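These notes are about the structure you will find just below.
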C-alpha cells in the first residue's frame with residue numbers, strides 16, 4: 001500500500017476527448033511522467049498512425065498497440081494517454097489496470113465532430129464522420145464504462161478536467177496532491 005505514489009493514471013476515451021492535452025497537464029501538476037501510446041507507436045513504426053492504417057491495416061496497428069501498452073503498463077508514476085481503441089482488447093486493459101487507475105474522458109458526438117474536423121488524419125472517420133463517430137461511440141461505450149472514473153470533457157477546459165481527476169484521485173486513493 002505504501003507504493004500508491006508509483007501507480008499510473010491511465011487515460012482512455014474516444015479520439016479528440018482530450019487525453020493527450022489532459023495527460024500532459026495532469027502529469028505536470030502531479031509531478032509524474034507523461035507517455036502517449038500513439039506517439040510511441042508512431043516513433044516505433046517511423047510513420048503516422050493514419051499511414052499505418054492505410055499501409056498495414058487496423059489489425060497490424062492493434063497488435064503494435066498491444067505490445068506498446070504492455071510495455072508502458074510496467075512504468076511507474078506515469079500518466080499514460082492511450083489510443084481511443086485500446087479498450088477493445090481485454091489484454092490491454094488487464095495490463096494497464098494492474099498498476100494503474102483507469103480514467104475515461106468522455107465527449108459528446110458534436111464536440112468530437114468539431115474537434116476532429118480540424119484533423120483529416122483520422123483513419124477510422126473516413127467518409128461520413130458524424131455517423132461513424134456515433135457508431136463507434138455506441139460500440140465502444142461498454143468498454144469505456146469499465147473505467148474507475150469518467151469525466152465528460154465536452155464543456156470543460158483542460159484545467160477543469162484535470163481538477164476533476166485530481167479531486168477523484170484524492171477522494172478515492174489519496175495518492176496525489178493538488
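Count begins at 1; order follows the chain as displayed.
Cβ coordinates are placed from backbone N, Cα and C, and glycine is handled just like the others.
According to TrEMBL, 62, 84, 140 bind substrate; the candidate from 38, 152, 155 that the record adds to this site is 38.
Under a cutoff of 8 A between CB atoms, and with a sequence separation of 6+ in the same chain, the neighbours of residue 84 (substrate binding site) are 12, 13, 14, 15, 17, 19, 140. Long-range neighbours of residue 21 (ATP binding site) (same chain, six or more residues apart, CB within less than 8 Å of its CB): 158.
Around the Cβ of residue 18 (ATP binding site), the same chain contributes 105, 107, 153, 158, 161, each under 8 angstroms and 6 or more positions distant in sequence. Neighbour counts of Cβ atoms within 10 Å were compared for the binding-site residues 19, 140, and the top value is held by 19.
In this structure, of the binding-site residues 17, 20, the smallest number of CB atoms within 10 A of the CB marks 20. Here residue 62 (substrate binding site) is positioned 19 angstrom away from residue 20 (ATP binding site), judged by their C-alpha atoms.
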